[in-house]
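One structure below.
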Amino acid sequence: MSNPSLVRSNWTRKEVEALFALPFNDLLFEAQTIHRQFFNANEVQVSTLCSIKTGACPEDCAYCPQSARYDTGLEREKLMAVEKVLEEAKAAKDSGATRFCMGAAWRSPKKKDMPYVTAMVKGVKEMGLEACMTLGMIDKDQATELAEAGLDYYNHNLDTSPEYYGDIITTRTYQDRLDTLDNVRHAGMKVCCGGIMGMGEDESDRVGLLLQLANMPQHPESVPINMLVAVEGTPLEQQEALDPFDFIRTIAVARILMPQSHVRLSAGREDMNDQTQALAFHAGANSIFYGEKLLTTANPESNKDMQLFKRLGINPEKREEHKTEQEQVEQINQQVAEAALDKVFYNAAS
């Protein structure tokens, strides 16, 4: 079903700018057409995010309520006990999640913390869930240790374009982020990497971010596209909200540039109406965080997400290795039927 020739790592700025400049309907049509060549258009991956260590981060990311530099009313919490994390993971699985993501507000994990986080990874994997972590910058040895524990994904976002980055963060360089991503790849883990929209950047910065992601030697397997949640006490608390159509355009371009990646509709969904989320799915978003909280910010209630899925005819994506033989047969039959349908549409238009 997929077309490998569509997967490229040599995009030019001019090409990406041309995609952003397409009429809205044309852009979404192209994104949806490509999406259907690589994914079931009516399935969305469901992940759950758990904050395993909250607050007191020494970094100065202008959007983040967990920075120790800002007075956001967030209380510092110690690293969560392994048993508690695994309880959260079990609850996530029982609610339908297939991936469990764990986030810690660190610049980078300390040596004394590694036995605890690797124990969390092993416990999550034993439940049959995919495991993802975001712990800040990690070196080669830490990446190897996490990989050996069974970690599937490591999240480390680029946040924005190289040009706008210095306006948002000064305590960690863009190259620091790229180095961590290289360490993750070298250890054999999958990469989760995206950015945040609506931080005051312009379209050229959204072009620049997606260009960085799409021209990596291997595309991130997961690309979270976040909408800024302007938290009181952070430098961006008064930031004007991004036009939803600009947000949808970014998702659509991400889908076209990285056709094999899961594009995650991530932070900011609490402030999106159902119509905006439906457009995001049509533009190629096929992953969400499920649960009432994302680290420290609100997220739509779980039953609200399932109600929206039902209205749109969307089903939660299942992990391939956990599909039954009958489900695999049904999937193959569906793909054959879709291929035949595509051929009919093609002939009708010719």
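First residue shown is number 1, and so on along the chain.
Just so you know, glycine gets a Cβ as well, placed from its N, Cα and C.
As annotated by Swiss-Prot, [4Fe-4S] cluster binding site applies to Cys57, Cys61, Cys64. Marked as [2Fe-2S] cluster binding site by Swiss-Prot on the basis of sequence analysis: Cys101, Cys132, Cys192, Arg264. Positions annotated as domain 'Radical SAM core' by Swiss-Prot, on the basis of sequence analysis: 42-269.
Cys64 ([4Fe-4S] cluster binding site) is surrounded by 25 other CB atoms, counting those within 10 A of its CB over all protein chains shown.
Comparing local CB density within 10 A for the binding-site residues Cys57, Cys61, Cys132, Cys192, the maximum falls on Cys192.
Cys132 ([2Fe-2S] cluster binding site) sits 20 Å from Cys57 ([4Fe-4S] cluster binding site), taking the Cα positions as reference.
The Cβ neighbour count for Cys101 ([2Fe-2S] cluster binding site), using a 10 Å radius and every protein chain shown, is 28. Under DSSP, Cys61 ([4Fe-4S] cluster binding site) is assigned to coil, being neither helix nor strand in the three-state scheme. Distance noted between the C-alpha atoms of Cys192 ([2Fe-2S] cluster binding site) and Cys64 ([4Fe-4S] cluster binding site) is 19 Å. Cys61 ([4Fe-4S] cluster binding site) sits 21 Å from Cys101 ([2Fe-2S] cluster binding site), taking the CA atoms of both as reference points. Reported as a whole number, the C-alpha separation between Cys101 ([2Fe-2S] cluster binding site) and Cys64 ([4Fe-4S] cluster binding site) equals 18 Å. The [2Fe-2S] cluster site is defined by Cys101, Cys132, Cys192, Arg264, and by the 8 Å test on Cβ atoms against their centroid, the other residues of the chain that qualify are Ser47, Leu49, Arg99, Thr134, Tyr153, Asn155, Ser222, Pro224, Ser287. Taking all protein chains in view, 24 other C-beta atoms sit within 10 angstroms of the C-beta of Arg264 ([2Fe-2S] cluster binding site). Taking the mean position of the Cβ atoms of Cys57, Cys61, Cys64 as the [4Fe-4S] cluster site, the remaining residues of that chain whose Cβ falls within 8 Å of it are Glu59, Asp60, Tyr63, Pro65, Gln66, Ser67, Ala105.
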